[in-house]
Structures are given as structure tokens and as C-alpha cells.
Amino acid sequence: MATPGSEPQAFAPALSVTALHPHLHQHHQHHQHHQHHGGTGGTGFNLPLNRGLERALEEAANSGGLNLSARKLKEFPRTTAPGHDLSDTVRADLSKNRLVEVPMELCQFVSLEILNLYHNCIRVIPEAIVNLQMLTHLNLSRNQLSALPACLCGLPLKVLIASNNKLGSLPEEIGQLKQLMELDVSCNEITALPQQIGQLKSLRELNVRRNYLKVLPPELVDLPLVKFDFSCNKVLVIPVCFREMKQLQVLLLENNPLQSPPAQICTKGKVHIFKYLSIQACQIKTSDSLYLPTIERPHLHQHVEDSKKDSDSGVGSDNGDKRLSATEPSDEDTVSLNAPMSNIVEEDQTIKEDACHRLTPTKGEFQPKPSILGDSGISGQEREQLAGRADARHSGLMNYIKDQAEDCEELLRIEEDAHWHMEELLNSSKDRELDIAMIEQLREAELLQDPNGLSADIIERSILNLFPMDSGEASEFPDPSLNGQLQLETSPDREVQNDLMLQSNGSQYSPNEIRENSPSVSPTANITAPFGLKPRSGSWCPEEVQGSLQAESSPRRPQLLSRHVFLRPQRNLESIDPQFTIRRKMEQMREEKELVEQLRESIEMRLKVTLHEDLGAALMDGVVLCHLANHVRPRSVASIHVPSPAVPKLSMAKCRRNVENFLEACRKLGVPEEKLCLPHHILEEKGLVKVGTTVQALLDVTVTKALFT
């Protein structure tokens with residue numbers, strides 16, 4: 001018995017037979033049954049058979065297995081010997097012959113279960129093959145079939161082998177083969193698998209090796225495949241859904257230009273491939289959740305008036321979940337965050353600590369009063385009135401603290417918003433030179449002042465000198481350097497406090513002198529304009545609370561006022577270099593940009609190539625730099641790891657090897673050690689300036705040597 005899917009083997013020998021059934025002879029010949037002429041069965045006459053062929057037919061009649069393999073037959077042999085019927089044949093092997101079509105005689109063997117037509121010249125399969133309703137194994141490999149007929153899909157096949165043909169596609173009716181367990185269509189010209197292949201619910205083994213497939217249909221996931229071979233095709237991506245093929249044990253995928261999973265994963269086997277696909281699936285499912293807003297992130301683009309209405313500082317709140325903000329930030333807010341979350345949280349904590357410091361002594365004043373009054377014999381009604389006053393004072397203090405916390409929160413938001421606007425101004429510096437000059441002056445004024453001796457008179461003078469304009473114009477130029485450092489209210493009480501602060505610090509300028517410097521603008525307008533805030537006419541501080549606060553902190557007047565204007569923590573100013581300015585930073589960035597462009601021009605001019613727009617990514621693998629070293633001096637880098645079509649991206653180990661070889665070549669060529677960059681400057685794409693210095697030194701050294709030789 002022939003083994004399906006492998007090279008055909010001869011059937012077991014059977015008894016001899018001398019003739020076929022007469023009705024088979026009548027189907028193809030219109031001659032008399034009693035004629036006897038010499039020759040083979042291909043002349044149209046009943047010619048005598050050779051002894052070996054007679055023996056094979058005789059064995060088939062008795063055993064049910066017909067073996068006519070490797071006999072150079074061009075058609076099925078015919079004989080007129082009566083009394084022998086081959087219609088009960090179960091197995092037929094006609095492999096390694098010269099048949100050009102499936103013999104019609106075989107289509108009459110209704111009991112046929114296994115048919116092997118391997119290695120013939122078959123181009124046509126007759127529709128009469130549908131008569132073989134017992135056929136379960138069919139081998140049509142190594143023939144010249146250009147298509148499988150639809151009638152073939154009406155058979156109860158379990159094994160179908162059609163490899164090494166010229167098939168361009170599979171019929172859509174292939175989904176009718178419900179009992180098919182093995183399908184081999186390897187070494188053909190198939191460009192796509194039909195969607196109906198997902199209906200083969202019994203398929204265990206699928207071989208589409210050496211075809212022209214570019215896409216694997218996701219319907220394959222529905223199949224209970226144990227072995228899947230799609231090697232030597234043009235597949236670029238393995239669908240993520242393939243991770244659900246739980247019964248798959250053997251996966252063959254070599255010689256494909258796979259991009260996902262990458263070749264490094266594919267070479268490790270099925271387990272790593274499926275793990276990669278699972279990770280990809282998780283990333284796809286959670287891609288939307290990565291942009292979900294978190295309640296801890298502050299608003300950046302919310303209008304100031306809106307934030308005043310619904311912001312919650314967290315002080316006196318019953319629900320801790322409502323801290324920092326009453327509404328969840330939008331996606332735009334989370335994307336445009338510029339400040340680290342740790343700074344925001346620390347600043348909020350500082351605000352709460354300040355509020356607690358103010359609240360604690362005030363509560364201490366109110367709490368002893370009921371006990372003292374109770375001891376002096378005051379009536380219950382008077383006691384309730386006094387308690388009501390105490391509650392009113394306490395609630396007023398809470399509202400005042402809450403208002404101040406809201407103002408601080410607004411400053412934090414506006415500061416980040418102003419920082420974002422400043423970056424936009426810097427990016428469009430050519431069109432807004434006036435704005436940038438003003439920003440630089442403000443930043444210098446902030447950073448060059450003494451961190452430990454920060455006082456309000458310096459701030460007021462710098463603001464009044466730098467903003468000699470009305471509040472409408474000043475609001476158009478938000479400056480982040482002042483945010484979080486001062487916010488002076490327009491109420492009469494606050495103006496009195498400002499005057500006191502200027503006098504207590506020993507300032508040489510009185511409020512009147514300051515107003516003379518800018519007669520058209522009030523100090524309040526100048527101060528609030530940089531923040532873009534409108535004066536709050538309704539903000540007030542209770543007299544009792546204000547008096548208690550002044551009495552408690554009169555020795556520490558500057559510190560109290562600094563809390564009122566919500567200065568940023570001193571740690572930020574202490575960590576800033578006083579010699580640093582925005583102007584110097586911009587000059588440094590301009591120089592670095594020129595060095596990077598010079599690096600690009602040097603490489604492109606030497607190697608006659610056009611580098612990618614992202615220069616860091618183009619140099620990261622070290623290939624271009626090694627070629628540059630070899631261009632300067634041939635064979636200075638002995639071996640270079642280069643990407644291939646199968647592996648378009650080098651591993652990090654190979655990239656590091658290339659970079660180290662380049663740096664070693666630079667040392668040998670005479671580049672000074674202090675001008676050599678480090679490997680991570682190239683590998684991490686974070687030191688293009690240092691890489692440019694190294695490349696320029698390499699070119700200069702070679703030019704110098706060329707002049708002296």
C-alpha cells in the first residue's frame with residue numbers, strides 16, 4: 001500500500017489476470033471483442049500484453065491493488081480476456097508513467113480508495129472522477145496541472161497532494177472538503193489562498209511551501225492545524241491572530257522576508273514567535289488606554305476663568321479623589337505636559353503644608369474660648385452666639401485658604417502653558433525677534449538674582465521696567481520666568497501689604513516713585529499682565545483672619561508675604577547656574593545645529609550618499625561611519641556588519657561592534673583621544689555634536705598627513 005504524501009511504493013503482489021472486463025473495452029474501442037492483434041494498448045486495437053503487465057492485472061483482480069508503476073504507459077492498458085473485473089479495485093498506483101490525463105477506466109473503479117498518479121504528464125482531470133465516491137487519498141504531485149477542477153472538491157478526500165505542478169490558485173469550492181486532513185500544494189505558483197480554506201474543519205497539515213504567497217489569510221486560525229509550512233514564500237507579516245492556533249506543533253517559515261516578527265525572533269522557534277504575537281496583541285489592545293488621562297495630571301489649556309469656577313485645591317475636601325483638579329484632563333493636556341509630575345506633586349504638597357501652618361494657630365485661638373466662657377457662667381444662648389461667631393471665622397479662614405490655593409493652582413497651570421508658548425516663540429524666532437528679546441530679558445532678570453535673598457521690591461522693579469505697557473499688551477507676551485513667584489491682589493488690603501513689604505526690606509524706591517516710572521499703568525496691572533490674569537474684585541480676606549495672621553508672623557514679615565504670593569520653592573532657584581541665560585543657550589543650540597549639519601555634509605560629500613533626515617538613526621548602527629573610515633584609509637576597518645534584506649536592522653551587539661571598530665580606526669589614524677566620542681554617543685543618538693567633533697578631527701588629521709607626505 002502506498003504511503004500518502006511520500007514517494008509511491010509498489011503494491012503487494014497479487015494473482016495473475018489475463019483480461020479486463022469487456023465493458024471497459026467497449027467504452028474506448030468500437031471494435032469486436034474477439035479481435036486479437038499484436039502490440040501495446042496505445043494503437044486503438046486489442047493488442048497482446050507483455051508478461052509483466054498481464055501478471056500485474058491478474059494480481060489486481062484478486063487482491064484489489066493495481067500496481068502499474070514505472071511502466072512508461074501513455075494510456076491505460078486494454079485487453080479482452082473475459083471473466084475478470086477490476087471494478088472492485090481499492091488501490092491503484094500508476095506513478096512514474098507518461099499519462100497525459102487521468103484514465104477514464106479509473107473513473108469506473110467505484111470502490112477505489114487510494115489513487116497515486118505521481119510523476120506523470122497529466123494536464124487534465126475529467127469530470128467523471130466524481131464517480132469515485134470512496135476515494136480518500138489522491139496524489140497528483142509532479143504533473144502539469146494548471147488548476148484543480150471544482151468537481152474534485154466533491155470527493156470525500158482526506159489526503160490531497162498536488163505539489164510540483166503549475167497551480168496558480170486553489171478553487172473556491174475547496175471548502176467543501178470537510179473531511180480533508182492533509183493538503184499539500186507546495187512548489188506551485190499560488191499567489192493567494194482563498195478564504196474558503198477556513199472551512200476545512202478537519203485539516204491537520206497544510207503545506208504551501210515554495211509558492212508566491214504574500215499574505216496569510218486570518219481564516220487559517222479557524223483550522224485545527226498541527227503542522228503548517230509556508231516557507232520559501234514572500235510573506236512579510238504573520239497575523240497577530242495566529243497566536244490563537246493552540247494545536248499547532250510544527251511551524252516552518254524560513255526563507256520569507258518577514259518583518260513582523262523580526263528575523264531574530266523567528267529563528268528562535270514557535271514559542272518565541274507566539275510570545276511575540278501575544279505581546280503585539282496586548283499592545284494593540286492597550287494602545288488607546290495609553291492616552292487615557294490620569295487624575296493627577298493638571299490642566300494646561302483650561303481657561304483661567306473656568307478653572308476659578310470649578311477647581312478644587314484639595315484643602316477641606318471630603319473626597320481625596322478630587323484633589324488637584326475637579327475634572328479629568330483631556331488628551332491634549334496629557335500630550336503637551338512639559339513639567340515632570342514630581343514637581344507638580346511637590347508644589348501641591350508645599351501649598352498644603354503652608355495652609356496647615358496658617359490653619360493650626362488659628363484653630364488654637366478658637367478652641368479655648370468656649371471653655372473659658374463656660375467657666376465664667378455665661379448663659380447657653382450667649383455661648384451659642386459666640387460659638388456661631390467662631391464657626392463663621394473658621395469658615396471664612398477656610399474659604400480664604402481655599403481661594404489662595406486656587407490661585408496657586410492657576411499659577412502652576414499658567415506657568416506650564418506659558419512655557420509651552422515660549423517654546424513656540426523660540427521655534428518661530430525669525431518672525432518674533434521682539435518677543436524673544438523680551439523673554440530673554442525676563443529670564444536673565446530672574447536667573448541672575450540672588451536665590452537666597454529674593455525680595456518683592458526687586459521683582460516689582462524688574463516687572464515695572466520690563467513691562468511699560470498697559471495690561472492688554474502685556475497679556476500677549478506670557479513669560480514663564482515670573483510664574484509661581486508673585487501674584488498681587490487688587491484689594492486695598494493687599495496694596496497696603498505691598499507697601500509694607502517694600503518698606504520693611506529697606507527698598508530705595510517707594511510706591512510713589514515706582515508709579516512715577518510708569519505713570520500710565522498701575523502696579524497691579526503690570527504685575528498681573530504677565531500671567532494673563534484678570535484682577536479678582538471679589539477676593540477678600542476676613543479682618544479677623546488677617547489680623548491674626550499679621551500678629552502671628554510679624555517678626556517674619558517677608559516670609560509671610562512670600563507665602564501670600566506663592567513663591568516657587570527655593571530648591572529650584574538654588575539648582576540654577578546664575579551664569580546661565582537663554583541667550584547663551586540659544587547660541588549654544590545654534591552652534592550645535594551647525595556642527596550637526598557640517599557632519600552631514602562631510603559624510604555625504606565623502607561617501608556620495610544621501611543620509612536619512614534623522615541623522616542619529618542613520619549613524620546609529622555604525623555602518624556609515626565604518627565606510628567613512630575605510631574611505632579615508634582603505635581597510636582601516638577590517639569587517640563591517642551590514643544589514644541584509646532578511647534582517648533589515650542590526651542587533652545592538654553588531655551595532656556596538658561597528659561603532660567600536662570605527663573608534664579604534666580613528667585612534668589608529670591619529671585622532672586625539674580628547675576628540676573621540678564614546679560609543680553611547682552614537683548608539684543612543686544623543687551625542688551628534690561629539691560625533692561631529694570626532695569625524696571632523698578624523699578628516700582634519702588625514703588632510704594634515706596628506707599635506708606633509
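Using the three backbone atoms N, Cα and C, a Cβ is placed for every residue, glycine included.
Note that the structure is predicted; figures quoted are calculated from it, not measured.
Under the heading compositional bias 'Basic residues', Swiss-Prot lists 24-37. Annotation source Swiss-Prot lists compositional bias 'Basic and acidic residues' at 301-312, 381-390. The feature domain 'Calponin-homology (CH)' is assigned by Swiss-Prot to 589-702. Residues annotated as phosphoserine in Swiss-Prot: SER395, SER518, SER522. Feature annotation from Swiss-Prot assigns phosphothreonine to THR581; the stated evidence is a large-scale study or a structure entry. Residues or ranges marked as region 'Disordered' in Swiss-Prot: 24-49, 301-390, 504-526. Annotated repeat 'LRR 1' per Swiss-Prot: 60-83, in sequence order. Among the features that Swiss-Prot reports, repeat 'LRR 2' is placed at 86-108. Positions annotated as repeat 'LRR 3' by Swiss-Prot: 109-131. Annotation source Swiss-Prot lists repeat 'LRR 4' at 132-155. Residues or ranges marked as repeat 'LRR 5' by Swiss-Prot: 157-176. Summarising the annotation, Swiss-Prot assigns repeat 'LRR 6' to 177-199. Among the features that Swiss-Prot reports, repeat 'LRR 7' is placed at 200-223. Positions annotated as repeat 'LRR 8' by Swiss-Prot: 225-244. Marked as repeat 'LRR 9' by Swiss-Prot: 245-268.
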Residue counts (helix, strand, coil, in that order) that DSSP gives for the repeat 'LRR 3' (109-131): 5 helix, 4 strand, 14 coil
For the repeat 'LRR 7' (200-223), the mean pLDDT of the predicted model: 94
Intrachain residues whose Cβ lies under 8 Å of the repeat 'LRR 9' (245-268), provided they are six or more past its termini: 209, 220-221, 223-238, 276-277, 280, 645-649, 651
DSSP-assigned states of the domain 'Calponin-homology (CH)' (589-702) in counts, ordered helix, strand, coil: 75 helix, 0 strand, 39 coil
Spatial neighbours of the repeat 'LRR 5' (157-176) far in sequence, C-beta under 8 Å, 6+ residues away: 4-5, 135-150, 182-194, 196-200, 202, 207
DSSP-derived structure type at SER395 (phosphoserine), helix or strand or else coil: helix
Number of helical, extended and coil residues in the repeat 'LRR 7' (200-223), per DSSP: 5 helix, 3 strand, 16 coil
Assigned conformation of THR581 (phosphothreonine) - DSSP reduced to three states: coil
